[in-house]
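Chemist: Supplied in structure tokens, the structure appears directly below.
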Amino acid sequence: MSSHGDPIPMIARKSAGLKGEAHVPGDKSISHRSLILGAMAVGETKVTGLLEGQDVLDTAKAMRAFGAEVEKRGDTWHVHGVGVGGFAEPGNVIDCGNSGTGVRLIMGAMATTPITATFTGDASLNSRPMARVTDPLALFGARAYGRKGGRLPMTIVGAEAAIPVRYATPVPSAQVKSAVLLAGLNAPGETVVIEREATRDHSERMLTGFGATVTTEETSEGRVITLTGQPELKPQTIIVPRDPSSAAFPVCAALITEGSDVLVPNIGLNPTRAGLFFTLQDMGADLTFENMREEGGEPVADLRAKFSPNLKGIEVPAERAASMIDEYPVLSVVAAFASGKTHMPGVKELRVKESDRIDAMATGLRASGVEVDEGEDWWTVHGRGFGDVPGGATVQSHLDHRIAMSFLVMGLATEAPVRVDDGGPIATSFPIFETLMTGLGADLGREA
Ligand code: S3P
């Protein structure tokens, strides 16, 4: 499945109970950061469990273009880093494909080194806002030249003599926070990021693991994260945990498909990522955390999800949004099978993801017989209850992997099949989605 090739039409049909174990791939956020921080360390970082989705492969290619050696031997990825400030000027345009995380983090990582790089992506990425990252990078002394509205393709001219920055993020975004912290690595003194709402904290944890000094303080202003610049990053051995955002798909599929009992082992429950699972429990899902333990400083559990015919619609707390921001599309599918309304406020960020996710989901849900109300930063799904969701639509994935997977999950439990115009984007984050789901007994696949 390629996000750049011909469209791959897919279909999902009502399925018998899903059974078995779902071994989902490595965490996308941690995979990008492993490669980027590995490239900025001095010496060889070894990574196992890396997500080999197109987004991460594009970041690997980019790190090579900036001078790091990145190769896979056996099951291990080896990243030979060039040190903080050691990036070479790429000889060609950096194509980050579909990945907002890739491009924004890499822009941050190169912005305080005196080199110039030009970035581009696919039609989805080239329509996404980059000013949220280039505004704070300008404070370090970097310059950005892009298309109207701060869109890619865009050239970043790195600062000659970077100065440290104190920056309060105007939107809740781990990508923006991380871009500033990565830029701060090659600035003298302390770089400070202040975020009003806590977003995923993988950068803070991993920077500390690589030997940087990072402190986080909860204050009345919000979370204040302080990085001491110009450290020597020490290479690490990283075992990438499995991705809770990918686990969401087999978990939600099991909840809405009659007779299901699925175990999804080794899923990180970092509180900045696990909001969906608590929301599903609030809705009455038969979802349990087995074998709770700690691995690499993170809470980890095996998730067991069983068919849950009596789901109830709820008010999803707005303050939980950042911890489940990628999971709203598949949550809206589960909400369609619940009784009553599920109201999801505080989610403006969904409008600037790989697609406008409120619009993409609302359109496909309505075409499948589900009523949806929406405003700029909220939406409400009117649940129809199990056994009463018509389906039968052909929906557009808009180059968005999570839209494609969400509607394929929905089709496993609707009365009529659900078709997705292009499942190609699924390869960006979950290349084994089709095999994993059919292995559990899901009736989904490519249309002839
Ligand atoms: C990510 C942050 C989130 C998320 C994306 C991955 C990251 O984006 O949607 O899939 O790895 O930092 P924002 O930071 O823009 O919310």
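Cβ atoms here come from the backbone N, Cα and C positions, even for glycine.
A quick note: this is a predicted structure, and the numbers were derived from the prediction, not measured.
Got these off TrEMBL a minute ago, pasting:
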ACT_SITE  Asp326  active site, proton acceptor
BINDING   Lys28, Ser29, Arg33, Ser173, Gln175, Asp326, Lys353  3-phosphoshikimate binding site
BINDING   Lys28, Gly100, Arg128, Gln175, Arg357, Arg402  phosphoenolpyruvate binding site
DOMAIN    14-435  domain 'Enolpyruvate transferase'
Chemist: Where does Arg128 (phosphoenolpyruvate binding site) sit in DSSP terms: helix, strand, or coil?
Modeler: coil
Chemist: Between Arg402 (phosphoenolpyruvate binding site) and Ser29 (3-phosphoshikimate binding site), how many Å separate their Cα atoms?
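Modeler: Each residue's Cα considered, Arg402 (phosphoenolpyruvate binding site) and Ser29 (3-phosphoshikimate binding site) end up 15 Å apart.
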Chemist: Using a 10 Å radius around each Cβ and counting other Cβ atoms from all shown chains, which of the binding-site residues Gly100, Gln175, Arg402 yields the largest count?
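Modeler: Most Cβ neighbours within 10 Å: Arg402.
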Chemist: In sequence order, which residues at least six apart in the same chain have a CB under 8 Å from the CB of Lys28 (3-phosphoshikimate binding site)?
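Modeler: Once residues fewer than 6 apart are set aside, Lys28 (3-phosphoshikimate binding site) is near Leu51, Gly53, Asp55, Val56, Thr101, Asp243, Ser245, Ser246, Ser429.
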Chemist: Give the three-state DSSP assignment (helix, strand or coil) for Ser173 (3-phosphoshikimate binding site).
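Modeler: The residue in question, Ser173 (3-phosphoshikimate binding site), is coil (DSSP, three-state).
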Chemist: Quick one: largest C-alpha distance among Lys28, Gly100, Arg128, Gln175, Arg357, Arg402, binding phosphoenolpyruvate per the record, in angstrom?
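Modeler: Result: 19 Å between the two most distant Cα atoms.
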Chemist: Write out the long-range same-chain contacts of Lys353 (3-phosphoshikimate binding site), meaning residues 6 or more apart in sequence whose Cβ is under 8 Å from its Cβ.
Modeler: Gly100, Arg128, Asp326, Asp400, Arg402
Chemist: Taking only the binding-site residues Ser173, Gln175, Arg402, which have a CB closer than 6 angstroms to any atom that belongs to ligand 1?
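Modeler: Only Ser173, Gln175 meet the Cβ criterion.
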Chemist: What's the number of neighbouring CB atoms sitting within 10 A of the CB on Asp326 (active site, proton acceptor)?
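Modeler: By my count, 24.
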Chemist: When the pLDDT values for the domain 'Enolpyruvate transferase' (14-435) are averaged, what is the result?
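Modeler: Summarising the domain 'Enolpyruvate transferase' (14-435) by its mean pLDDT gives 98.
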Chemist: Enter the number of other CB atoms within 10 angstroms of the CB of Ser173 (3-phosphoshikimate binding site).
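Modeler: So the Cβ neighbour count for Ser173 (3-phosphoshikimate binding site) comes to 22.
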Chemist: Whole-number Å distance between the CA of Ser29 (3-phosphoshikimate binding site) and the CA of Arg357 (phosphoenolpyruvate binding site)?
Modeler: 19
Chemist: Rounded to a whole angstrom, what is the C-alpha distance between Ser173 (3-phosphoshikimate binding site) and Arg357 (phosphoenolpyruvate binding site)?
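Modeler: Cα to Cα, Ser173 (3-phosphoshikimate binding site) and Arg357 (phosphoenolpyruvate binding site) are separated by 16 Å.
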Chemist: Using a 10 angstroms cut-off on Cβ to Cβ distances, just flag whichever of Arg33, Arg128, Arg357 is the loneliest among these binding-site residues.
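Modeler: Counting other Cβ atoms within 10 Å of each of the binding-site residues Arg33, Arg128, Arg357 gives the minimum at Arg128.
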